[in-house]
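Visitor: My structure is below; once you've seen it, I'll send some questions.
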Amino acid sequence: MIIVTGGAGFIGSNIVKSLNDIGYRDILVVDNLKDGTKFVNLVDLDIADYMDKEDFIASIVAGDDLGDIDAVFHEGACSSTTEWDGKYMMDNNYQYSKDVLHYCLDRNIPFLYASSAATYGGRNDNFIEERQYEQPLNVYGYSKFLFDQYVREILPEAESQICGFRYFNVYGPREGHKGSMASVAFHLNNQINQGENPKLFSGSENFKRDFVYVGDVAAVNLWFWQNGVSGIFNCGTGRAESFQAVADATLAFHKKGGVEYIEFPEKLKGRYQAYTQADLTNLRAAGYDKPFKTVAEGVAEYMAWLNRTV
């Protein structure tokens, strides 16, 4: 059995899909379905069982036998960069992750988890997986950074796989439940389908991010599990592309509309990453040599998926 926490969420459900694609169906999804809309991410997928997150935490803290587990993909977290309830964030992201990690270490279960490029903070170069480059801007980034630090202390003595991935700007299928935290491609598509012009902040040709397609993110997770590699790795394309490029790819699919530029919001000034670009040196050195989709390629595939029934 494989456990995917956050398995009804964006990246988690895409990992479930990728496992299904290689014939794996003995999957336990752990999630919190208080937001019932997330169930749609699972309806076309095959899983063996579902467990509520609180019940799962109680089970692992009690040391319950959950059966023969091949791996845990720990994607369950609060991923909102605008959430400032630090107690909630540390319970949900840091303590929960420690509980799952120790359950896995005690049983030699491979543990692969979601870190984040938010650990780097507002820098605009040297996105390298080393302490000197890490200075998160928000409590979400701090919760991810602190768990990475915890893992770094444990890694040298660990007898089973521990692997963390610093996800950059992930976009693609099954993110609709994320609301305002969904990708810009998702929102631009909605705006066009509602008869509006797609909207970007003024200067969006200068705002560049490492936009990585969720299918590529799932592929990275599966490769590292199958190859037993441990460590903390950036998970992006290694390319910074502009928000304008995302809009251009969206418009190219729809063949209508033009970008409308709006003022940059005051509340985001100083808390907004204007530039991200994953350094893939360590990922490539670990042996992962598959290509990553460009924005033009990934957005085209995503638009086809989003509009398949429209």
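Every residue, even glycine, has its Cβ placed from backbone N, Cα and C.
Heads up, here are the entries from Swiss-Prot:
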| type | residues | note |
| --- | --- | --- |
| ACT_SITE | TYR140 | active site, proton acceptor |
| ACT_SITE | LYS178 | active site, proton acceptor |
| BINDING | 10-11, 31-32, LYS38, LYS53, 75-79, ASN92, LYS144, VAL170, LYS178 | NADP(+) binding site |
| BINDING | ASN169, SER180, HIS187, PHE201, SER202, GLY203, SER204, ARG209, TYR272 | substrate binding site |
Visitor: Given a 10 Å Cβ-Cβ cut-off, pick out the one of the recorded positions LYS144, LYS178, HIS187 that has the most other Cβ atoms nearby.
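Guide: Result of the Cβ crowding comparison: LYS144.
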Visitor: Taking only the recorded positions ASN169, LYS178, HIS187, SER204, which one has a CA atom nearest to the CA atom of LYS144 (NADP(+) binding site)?
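Guide: Comparing Cα positions, the closest of these recorded positions turns out to be ASN169.
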Visitor: Say you check the Cα of GLU75 (NADP(+) binding site) against those of the binding-site residues ASN169, SER202, SER204; which is nearest?
Guide: ASN169
Visitor: Please identify, among the recorded positions ASN169, LYS178, HIS187, SER202, SER204, the one with the smallest Cα-Cα distance to ASP31 (NADP(+) binding site).
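Guide: Nearest candidate: LYS178.
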Visitor: If you count Cβ atoms within 10 Å of the Cβ of SER202 (substrate binding site), leaving out that atom itself, what do you get?
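Guide: Other Cβ atoms found within 10 Å: 11.
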Visitor: Pick from ASP31, GLU75: which of these binding-site residues has the biggest number of other Cβ atoms within 10 Å of its Cβ?
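Guide: Result of the Cβ crowding comparison: GLU75.
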Visitor: At a 10 Å cut-off from the C-beta of ASN169 (substrate binding site), count the other C-beta atoms across all protein chains.
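Guide: Result for ASN169 (substrate binding site): 23 neighbouring Cβ atoms inside 10 Å.
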Visitor: Enter the number of other CB atoms within 10 angstroms of the CB of LYS38 (NADP(+) binding site).
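Guide: Step by step: centre on the Cβ of LYS38 (NADP(+) binding site), count other Cβ atoms within 10 Å, giving 22.
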Visitor: If you measure from the C-alpha of SER79 (NADP(+) binding site), which of the recorded positions TYR140, LYS178, SER202, SER204 fall inside 10 Å?
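Guide: Near SER79 (NADP(+) binding site), where near means Cα within 10 Å, the recorded positions are TYR140, LYS178.
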Visitor: Please give me the CB contact count at 10 A for PHE10 (NADP(+) binding site), counting all chains in the structure.
Guide: 26
Visitor: Quick one: Cα separation, PHE10 (NADP(+) binding site) versus HIS187 (substrate binding site), in Å?
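Guide: With the alpha carbons as reference points, the distance is 15 Å.
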